[in-house]
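Right, one structure below, let's go through it.
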Amino acid sequence: MKIVKISPRGYCYGVVDAMVIARNAALDKSLPRPIYILGMIVHNKHVTDAFEEDGIITLDGPSRLEILDKIDSGTVIFTAHGVSPEVKQRAKEKGLTTIDATCPDVTKTHDLIEAKKAEGYHVIYIGKKNHPEPEGAVGIAPDIVHLIEKADDLKTLEIPTDKILVTNQTTMSQWDVQHLMEDIQKKFPTAEFHKEICLATQVRQEAVAKQADVADLTIVVGDPKSNNSNRLAQVSQEIAGTTAYRVADVSEIQLEWLQGVENVAVTAGASTPTPITKEVIAFLDQYDPMNPATWDRIRKVPLQKILPRVKVKKEQ
């Protein structure tokens, strides 16, 4: 079996920065304990499990405000997905120490929404409902930001002004966003468009679109909650025309997927630890359908290998 290692794949700078911020927090003895992450720091359970070993508690729930209600003291880390001003204010009122690990690309969208609100605009925001990134973006100005996920959402959308900005969640499929923007332009011809697919998401999607078409199968390594990982599988199927499966790690690979497959493409979401992806590639590389000894799919990567290394500051 030939392995097509799609490149680029895996970690983006926003994810690495967020994890380094959280690791440094764990090492900072001056920070009030306990230390919480408000939601998953990035959408990967291997990462959150590794942070648990570092002594950082991940709390998840329907909304950031609801999670915050569970915390009475200590330090709170805001995830790469960003949070609303209301969440920041609530944390301040509760006397919590806060650390902001928001991805710079997400912050740029928040700043854009604030600027356009000041100019009297309404904002149509394309994103996934119940995902933390749209929650934070809508929370910047909930009175003028309208979240839509699909074309059907446009049917009932009414906006009381011609001053309309259209932007989007950074991890969406760029093709889905383009199609929705075309639909929006038909209904709201005066709308201004500001596509905010982050560069890391864009180049990873384009790599799948261009490189997966030579494969019989694509394996996307990523957490089920990772929107960008799920979009990579979608791009493989809809753009490259190659059947795709998303797996959290090697243990989720089904042998029947590999029957008759000569070329398998492998990519990974922006929040997927590199050792987890390497383990998937190593399994596929040694897999022999005629040799049961090669069929074991057991994740062996230790949690201490998941997180990026940080330099420990020497005490003066």
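Placement of Cβ uses the backbone N, Cα and C atoms for every residue, glycine included.
As annotated by Swiss-Prot, [4Fe-4S] cluster binding site applies to CYS12, CYS103, CYS198. Residues or ranges marked as (2E)-4-hydroxy-3-methylbut-2-enyl diphosphate binding site by Swiss-Prot on the basis of sequence analysis: HIS43, HIS81, HIS131, THR170, SER226, ASN228, SER271. The dimethylallyl diphosphate binding site annotation in Swiss-Prot covers HIS43, HIS81, HIS131, SER226, ASN228, SER271 and is backed by sequence analysis. Here Swiss-Prot flags HIS43, HIS81, HIS131, SER226, ASN228, SER271 as isopentenyl diphosphate binding site, drawing on sequence analysis. The feature active site, proton donor is assigned by Swiss-Prot to GLU133, with sequence analysis given as support.
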- Message: On a C-alpha basis, identify the one among HIS81, HIS131, SER226, SER271 that is nearest to CYS103 ([4Fe-4S] cluster binding site); the candidates are the binding-site residues.
- Response: HIS81
- Rounded distance in angstrom between the Cα atoms of SER271 ((2E)-4-hydroxy-3-methylbut-2-enyl diphosphate binding site) and CYS12 ([4Fe-4S] cluster binding site): 7
- Note on the structure: Per DSSP (helix/strand/coil reduction), THR170 ((2E)-4-hydroxy-3-methylbut-2-enyl diphosphate binding site) sits in coil
- Message: Between the Cα atoms of HIS81 ((2E)-4-hydroxy-3-methylbut-2-enyl diphosphate binding site) and GLU133 (active site, proton donor), what distance do you get, rounded to the nearest Å?
- Response: 5
- Query: If you count Cβ atoms within 10 Å of the Cβ of THR170 ((2E)-4-hydroxy-3-methylbut-2-enyl diphosphate binding site), leaving out that atom itself, what do you get?
  - Reply: 29
- Query: Which of the recorded positions CYS12, GLU133, CYS198 has its Cα closest in space to the Cα of THR170 ((2E)-4-hydroxy-3-methylbut-2-enyl diphosphate binding site)?
  - Reply: CYS198
- Taking just the CA atoms, what is the gap between CYS12 ([4Fe-4S] cluster binding site) and SER226 ((2E)-4-hydroxy-3-methylbut-2-enyl diphosphate binding site) in Å? 13
- Item | Residues satisfying Cβ distance under 8 Å from HIS43 ((2E)-4-hydroxy-3-methylbut-2-enyl diphosphate binding site), sequence separation of at least 6 | ASP223, LYS225, SER226, ASN227, SER229, GLY269, SER271
- Could you state the CA-to-CA distance between HIS131 ((2E)-4-hydroxy-3-methylbut-2-enyl diphosphate binding site) and CYS198 ([4Fe-4S] cluster binding site) to the nearest Å? 16
- Message: Taking 10 A as the limit, how many CB atoms besides its own sit near the CB of CYS198 ([4Fe-4S] cluster binding site)?
- Response: 23
- In sequence order, which same-chain residues at least six apart have a C-beta under 8 angstroms from GLU133 (active site, proton donor)? HIS81, GLY82, VAL106, GLY127, GLN169, THR170, THR171, ASN227
